[in-house]
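As written in TrEMBL, here are the features:
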DOMAIN    223-503  domain 'ABC transmembrane type-1'
DOMAIN    520-757  domain 'ABC transporter'
DOMAIN    826-1101  domain 'ABC transmembrane type-1'
DOMAIN    1138-1374  domain 'ABC transporter'
TRANSMEM  6-26  transmembrane segment
TRANSMEM  65-84  transmembrane segment
TRANSMEM  96-117  transmembrane segment
TRANSMEM  221-248  transmembrane segment
TRANSMEM  260-277  transmembrane segment
TRANSMEM  332-354  transmembrane segment
TRANSMEM  360-379  transmembrane segment
TRANSMEM  439-466  transmembrane segment
TRANSMEM  811-832  transmembrane segment
TRANSMEM  946-974  transmembrane segment
Amino acid sequence: QNTVLVWAPCIYLWVLSPFYCLHLYCHGRGRLPLSSLCSAKLVRQTVLAVCMIHWERVRGCRSSVFLFFFWLLGVVCSLIPLHAKVQLAAFYLFKHLSTFCTFWPYSVFVANLFLFFSQNACPVQDASFLSKILFWWFSGLLFKGYRSPLQAEDLWSLREEDTSEKIISDLEEEWTAECTNTSIALGSRLPEQAQFLRKIQKEQSSGFCLLRTLARSFGPYFLTGTLCLMVHDAFMFSVPQVLSLLLGFMKDEDAPLWKGYFYASLMFLLSCLQSIFNHQYTYTCFTVGMRVKTAVMGLVYRKVGHLISRRTCTVGEIVNLVSADTQKLMDFVVYFNAVWLAPIEVTLCLFFLWQHLGPSALAGIATVIFIFPLNGFIARKRSKLQEIQMKYMDGRVKLMNEILNGIKILKFYAWEKAFLEQVLGYREKELKTLKKSQILYSVSIASFNSSSFLIAFAMFGVYVLIDDKNILDAQKIFVSMALINILKTPLSQLPFAMSTTMQALVSLKRLGKFLCQDELKPDNVTRESFKSGNKCPSLSNIPLTYSVCWSRISVRVPCGSLVAVVGHVGSGKSSLLSAMLGETEKRSGAVSVKGSVAYVPQQAWIQNASLQDNILFGREKKESWYQRVLEACALLPDLDNLPAGDTTEIGEKGLNLSGGQKQRVSLARAVYRKADVYLLDDPLSAVDAHVGQHIFNKVIGPRGILRDKTRILVTHGMSFLPQADLILVLVDGEISERGSYQELLNRNGAFADFIHTFASSERKECFSEASQRGNITMVCVRAFILAEKIDMQLLWMLMSPPGNRVKLEMYIEYFHTIGLPLIVSIVFLYAFQQAASLSYNYWLSLWADQPVINGTQLNTDLKLGVYGALGFAQGLQSLMAISLGCIIASRHLHLELLNNVLHSPMSFFETTPSGNLFNRFAKEIDAIDNMIPDGLKMMLGYFFKLMEVCIIVLMATPFAAVIILPMAFLYGFIQSFYVATSCQLRRLESVSRSPIYTHLNETVQGASVIRAFNEQSRFIMGVNHKVDQNQTAYFPRFVATRWLGVNLEFLGNGIVLAASILSVMAKGTLSPGMVGLAVSHSLQVTGFLSWIVRSWTDVENNIVSVERVKEYADTPKEAAWTIEGSSLPPSWPQKGTIEFHDYGLQYRKGLELALKGISVHIKEREKVQIGIVGRTGAGKSSLALGIFRILEAAKGQIFIDGINIAEIGLHDLRSRITIIPQDPVLFSGSLRMNLDPFDAYTDEDVWNALELAHLKNFVSELPDKLNHECSEGGENLSLGQRQLVCLARALLRKTKILVLDEATAALDLETDTLIQSTIRSQFEDCAVLTIAHRLNTIMDYTKVIVMDKGHVVEMDSPSNLIAKRGQFYYMCREAGLL
């Protein structure tokens, strides 16, 4: 007491302090200030301790593990002397007061350490040592979440080492080096014929390369967790040895009582240490998993910015990579150690079993050897099924992406059913594969649930049968059962770990293959800086060859000149601009660009941001230049009518802007950039002619604000060509003619003939610069709708549902889809299974207590037989029933979600970010498919096992009810705190995930624009911010689980302590068999309590997916697609008459009518072409939306052939009339599917339609002809070719009513003329309604409807309207047609 115990803390301090000082020196984090109060406290400690504390402060250490153990050791070593002194306190109270005074500071200091964080809710880096290991630093957030719903601002910011910028910057260097080494290893100078083989080898090794890169970056921190796991295993195997000592004490009647209490306390201490190290390991793994997710998402996003073409990987596949595959890698990090550690744990268990049962343990080894291959086979089979399932899931998500992007076309053509069947086809295959996988998984889990019984039955059976003298007493049975229960953990983890590893390898292979895809080569374009000494930038291009569509192009663009590029559809105009941007693969030659580049694509790319942000595009706002750009791009009138001016939020892909407005915003973005070279891909095709003339004069032309810049303009407008400095005429990928406008005319070549034929009518379309522009009512209304709903979109980012918990209705809804009979049978199977388990365990206790007569136990065969029968009965399969029930629920919920989305009106898609819908069909459906079934299996299994343990403990020591009941209330208190906060964190994490997908989708769509403007770094910062926001919610989610685990396991360890202490107290009345049964089972309570709440929370967290899927059930829906019992004639409409009766239309209730009192009658004898004209926003497109019932009538009716269209089904209406929209949309799949998704027409009909659409020659030259695979969005066809495919659709349907909404805007004049003649000939007996921007196209129409501000102001033949000298007359005069 006075030597060893006094010197032990000092020896510890002096021996280890040099090493600790070295550690602080190597890992310092900056000096911490030392307050005067803290200095006063330190004076009372030993000199060395004071020096250590000072050194820690200097090196930035807030919490000292080293000194904590010093103080703790001092306290522990003072306890024994204190006990001795207290016994003599009556005589030596004052004499030994100094001993008490020495002990008191120690105890107070340790108590302060324990209580340090109780009043401080700081993040982990500021927490004390004990607070870190027990996760008390998290308690503040739990209390806050319990009191009120958490908001995003309540969450902590990420630690620096967890931020995207830190993680990805380090990893990117590693990955680049790894790819470089792989390329060198494969050979850097391979002959051309070996390039393909090299690429295959690179793809095959890419998964391993990615794993190696991740291991180098995150391996060291992961190894610290592995060390914790090994220490945890040491404590885990110590517990059965202490149990053996306790049962030996129960048998020994002469053993002193203190030994029993000591063994009980030691078992409690070991269990607590086991819990601490286990949760430190898991915390480390989840932290590494979070960093891996951040790293992989960052690599994928950066790869998207460098891909050669979107055709190699669709948006849906990329979303799957960053959602499903990254989740598989996170699971792999958590369970990987089980792959190698589980066999070691199994070996140790069998070693200790050998010590107790001798060679009979070999029977257990044989059983394990039987179980391992079975589950190895199941894991391999499930891995293959997982790969197949992911393939079907990719297909489904990819198709859903296209459906959401092209939903307007689906509604116009009434194609929802066809695409719904395609999605359900993928879904059925996916669920069929999932069903097989779940059945195999259920068999695997069932074998492991029965493994403890099977091993025990084999070992006990062999043990008692090989020798009658072998006695199964309580010590042998229950220590063996404790070891078998330990054995059960690695055996249960191993199949899951193997399965997770296999799935992770599949995901690594997919990710590696994507990350190793060909990138745009920097040397495709040589970029040179534009020196101020030069007068202007230049773009030069010496002979080169490209693989796709054109070759042998050689051109030099003079600096500061305007170059026009013309040619037929598909001649390679857009590809030429792509080459100048470096977007296409170069085979030979070189491209050189001097100065910065700005690019305006043919299809405008608009961000989901304010109109001002779209124009500034990351640049600082300069007011005078900004206003000048707005005026030049004709955007000022639009701003006057937008609800919030230029701060109005623009919907995804510019949904609340017209085609012309989108193109003008896109042009304004380029003009504002003040670049040196401008590449303009037909930016004037989507705007009205007079607006186009204004933009050309103010922006592009010789007097425009870009007059000193190099401009390359792809155009179909002949009127602009005379003002071009150089004209390039492309034919089949080659420059057939070049020169100025006059030079080309003088040559009298093909270009001159073309000009003489078409330019006369085209030139008349040029509106004067001063022509007036009308209001933009329609677009204004659209923008107003979206502006009012901006808050809703922002709420997707910030919203937190009103309650802390999931509504009970969600559970009822989910279980209702499974069905009551199946649920009852599941509960019955679980109850029966656990009753059998309880019976065979109790039977073992009776067997252990049987007296030994003449060195043997009687009726061992009978006992073994009963034990075996009860054990096999508990192996009854209940998991499979849950799997089947959950698949039924998954099918129903997905079908309901799909139907709800497809039945939603267009306004729903215009106000709902696609990222949210993506999230529903990808992550949320995946959670319903996999996470909820697994959570339910776990929760029910552990709940019934916990009931079994409680019954056994109460049977042994009824007095334990006094302990169990308060603990049950404490358990409920802890879980209520946890579940409330955990669900809020789950919602915040789920909500913050959607913007990542939206941003990713937006980036993929606009990758070429982002690269052209050199804005990759800004978009990377944007995605980093969004990923960090997501991880900010994810980090406290998994820490909450650790907090729960530590608290509940300490609670469970209390039950172990109670069962042990009560058993020791009742030593004289309790048999060793019953004590062994109670204590060995109570050891499992820690795991049961933790897993019940964890699985319950997993179910509650993931049932949120059901809530999010079901929320679209309450959104407004369209009218019915079909009406049963409808008397609509099959050939309707036969005449094609259209009649508007006082028709009014509004975009939403409460808003001003967009169409007002329209009364128009198109009679049968007028079955020819009707032109609809008016200023921008006059209501022309609204009229078309009303005919197709995209918007329902606010008042009045529309009659077609005498039938009120409001009284028939939407598909009955939309399938009988046809529209050719302004924006051509194709879907991935065959060309034939894009023309005829229902397979309603013969191949001959399809070829005839293609011939009339002037596409037959093009399609016949394709290798697969009609089966030619269109990429996502039809990206492998030019815009003009896509427009012709849309025309072919209309020709194939050939309905009596055809609506053309600027359908030929993307075509050259010659093709436009051919198409117009085709329409006139093929639809001569039909009513053709043409929404026209170019008046010359409708001058020979039968009638013209002139609209203004939602009213029909004039309607007559063009000649009569001109004679009346009304509004149409002035429009024609402004257009130069008169």
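Glycine is no exception: its Cβ is also placed from the backbone N, Cα and C atoms.
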Which residues of the same chain, at least 6 past either end of the transmembrane segment (221-248), have a Cβ under 8 Å from a Cβ in it? 260, 263-264, 266-267, 270-271, 273-274, 277-278, 280-285, 287-288, 333, 337, 341, 345, 348, 352, 474-475, 478-479, 482-483, 486, 1060, 1063-1064, 1072, 1075-1076, 1079-1080, 1083
Mean of the pLDDT scores, which run from 0 to 100, over the domain 'ABC transporter' (520-757): 79
Given a Cβ distance threshold of under 8 angstroms, which distant residues of the chain, six or more beyond its ends, lie next to the transmembrane segment (332-354)? 222, 226, 229-230, 233, 237, 240-241, 281-282, 285-286, 288-289, 292, 361, 364-365, 368, 459, 480, 483-484, 486-487, 489-491, 493-494, 496-498, 500-501, 503-504
What residues elsewhere in the chain lie close to the transmembrane segment (439-466), defined as a C-beta under 8 angstroms and at least 6 residues from its ends? 353, 357-358, 360-364, 366-368, 371, 374-375, 378-379, 381-382, 385, 472, 477, 480-481, 484-485, 487-488, 491-492, 495, 499, 837, 840, 857, 860, 864, 867-868, 871-872, 874-875, 877, 879-880, 882-883, 937, 941
Same-chain residues near the transmembrane segment (260-277), Cβ under 8 Å, at least 6 residues beyond its ends: 133-134, 228-229, 231-232, 235-236, 238-239, 242-243, 245-246, 249-250, 1045-1046, 1049-1050, 1053-1054, 1056-1057, 1060-1061, 1063-1064, 1067, 1079, 1083, 1086
